[in-house]
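A short worksheet on the structure shown next.
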Amino acid sequence: MNQYDVAIIGSGPGGYVAAIRCAQLGMKTAIIEKYAVLGGTCLNVGCIPSKALLDSSHHYEDAVKHFEEHGIDIPGEVKVNLKQMIARKQAVVDQTTKGVEFLMSKNKIDVYHGVGSFKDATHINIKKDGKTETIEAKNSIIATGSKPSSLPFIEIDKERVITSTEALKLKEIPKHLIVIGGGVIGLELGQVYKRLGAEVTVVEFMDRIIPGMDGALSKELTKVMKKQKVKFNLSHKVKSVERKGDEIIVKADDKKGKEVTIKGDYCLVSVGRKPYTDGLNAEAAGVKLDDKGRVEVNEHLQTNVSNIYAIGDVVKGAMLAHKAEEEGTMVAELLAGQKPHIDYNLIPGVVYTWPEVAAVGKTEEQLKEEGVAYKSGQFPMRALGRARASMDIDGFVKILADKNTDEVLGVHMIGARCADLITEGVTAMEFRASAEDISRMSHAHPTFAEAVKEAALAATDDRALHV
Ligand code: FAD
């Protein structure tokens with residue numbers, strides 16, 4: 001029987017990063033993945049393919065709507081080749097998952113393909129094609145991730161009533177895509193198909209989209225997406241989704257309780273994701289799950305069984321790839337006797353619509369609720385030369401700082417390239433910078449990053465320069 005210092009179940013960003021860090025720290029490491037390809041949700045049906053389609057559809061939209069103004073004439077009609085678009089996306093995914101395979105072999109990590117299921121706290125059965133192999137592991141890390149969740153009355157047929165997984169490989173552009181859930185995944189994929197020519201209606205239970213983010217971001221994104229002709233039915237409680245042939249009928253109650261009927265040809269159910277532990281046989285190892293089906297862990301990501309840890313989407317906290325990666329690194333370093341730490345307040349959140357939305361730290365709503373005295377500085381993208389040069393003028397950067405100490409407490413932004421710009425906010429907050437610290441740093445001109453400096457100037461003493 002093969003013996004390991006650590007065995008990791010699941011090869012998503014949490015699992016494969018944990019494996020690499022364990023190997024770097026000298027542990028004999030195994031990783032177990034039930035699918036034939038490594039990389040988990042993020043690489044196969046999440047972050048990477050969705051960004052590939054967002055980029056392709058963005059190019060198309062630019063060609064159709066903006067090239068003429070830039071002085072680029074395309075003779076003939078610009079057309080979408082959806083088959084090629086999906087094929088390119090798949091090529092990007094394949095290249096990325098192969099990269100993970102390479103990293104496993106480079107770091108001498110043993111890869112097992114099959115369903116990993118605990119036999120007891122130190123033995124894992126790996127089942128594949130009716131055969132079972134058992135390995136022994138001193139320590140284990142559960143990194144089994146999550147699956148799309150639904151509403152109890154919705155039947156996902158994977159053809160017309162679909163989850164994000166199917167939305168990444170449609171064979172035709174919907175005429176009218178109804179998106180249930182105005183969170184990150186629904187908005188990103190909704191925008192892909194809107195750009196490709198579909199009518200898109202978002203139905204959201206709450207009174208705003210991207211509910212966890214700062215209210216100002218949600219308001220601005222709604223405004224911009226409405227300009228892009230996405231329809232929003234906010235404060236609508238979906239009560240049925242029916243398929244009649246190729247037609248989808250969604251019925252919802254609006255906030256006054258009046259029934260609203262929306263008809264389309266595809267319905268994307270994007271109401272969140274649920275932790276995945278099917279087949280893991282956690283009980284055989286004595287590992288406890290919480291009331292939401294997540295693996296219960298303490299602040300060291302250790303389960304109630306001392307040699308078994310859990311990370312990523314299968315435990316509490318934001319369901320994000322980079323959060324899973326940080327947790328993978330943390331557990332590896334804990335196992336090596338180090339004292340790592342994650343500040344969960346500094347895990348950025350990003351929506352890859354265009355304009356992009358990104359945030360780190362506390363929202364204005366949270367600061368109010370916590371009774372923290374704060375000040376706010378905001379700067380509009382349209383006031384930047386760089387934004388006007390590229391015609392990306394929507395959005396703003398908002399910096400929240402402590403009223404007394406000037407320490408940055410939250411950075412919230414919407415605009416071009418904000419997914420990358422937010423790292424400046426994370427860096428500043430990691431080093432406990434003040435708004436004035438940011439405002440005194442030289443920012444290259446002309447860049448979108450200048451909006452961060454200007455928002456910091458606005459927060460420091462209301463002394464933004466270019467408004
Ligand atoms: P996963 O990536 O879910 O990996 C778990 C792995 O475990 C899977 O490969 C699964 O097959 C395997 N597994 C499960 N059970 C077993 C078992 N018993 N034996 C063996 N293997 C098993 N996050 C971002 O940060 N940025 C984004 O842009 C982003 N975009 C997204 C877009 C979409 C459409 C979706 C769906 C998600 C997106 N996410 C994004 C979320 C991100 O994908 C997840 O947070 C991330 O994948 C979680 O990583 P993980 O390692 O915890 O689990």
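Even glycines carry a Cβ here, placed using N, Cα and C.
Curation does not apply to TrEMBL; its annotations are automatic.
In TrEMBL, the NAD(+) site is described by GLY181, GLY182, GLY183, VAL184, ILE185, GLY186, LEU187, GLU188, GLY272, and among GLU159, GLU204, GLU296 the residue recorded at this site is GLU204. Looking up CYS42 in TrEMBL gives a disulphide bond to a cysteine among CYS22, CYS47, identified as CYS47.
When the C-alpha distances from LEU187 (NAD(+) binding site) to the recorded positions CYS42, LYS51, SER146, MET319, ALA321 are tabulated, the minimum falls on LYS51. Taken together, the residues of the domain 'FAD/NAD(P)-binding' (4-328) have an average pLDDT of 97. Under DSSP, HIS445 (active site, proton acceptor) is assigned to coil, being neither helix nor strand in the three-state scheme. Taking the mean position of the Cβ atoms of GLY181, GLY182, GLY183, VAL184, ILE185, GLY186, LEU187, GLU188, GLU204, GLY272 as the NAD(+) site, the remaining same-chain residues with a Cβ inside 8 Å of that point are VAL179, GLY190, VAL202, ILE209, ILE210, SER270. Listed in sequence order, GLY12, PRO13, ILE48, ALA321, ALA324 are the same-chain residues six or more apart from CYS42 (disulfide bond) with CB atoms under 8 A from its CB. It is 16 Å from the Cα atom of GLY181 (NAD(+) binding site) to that of MET319 (FAD binding site). When the recorded positions GLY181, ALA321, HIS445 are checked against ligand 1, ALA321 have a Cβ within less than 6 Å of one of its atoms. Within the same chain, the residues at least 6 positions away from THR144 (FAD binding site) whose Cβ sits under 8 Å from its Cβ are ILE9, GLY10, PRO275, TYR276, THR277, LEU280, VAL314, listed in sequence order.
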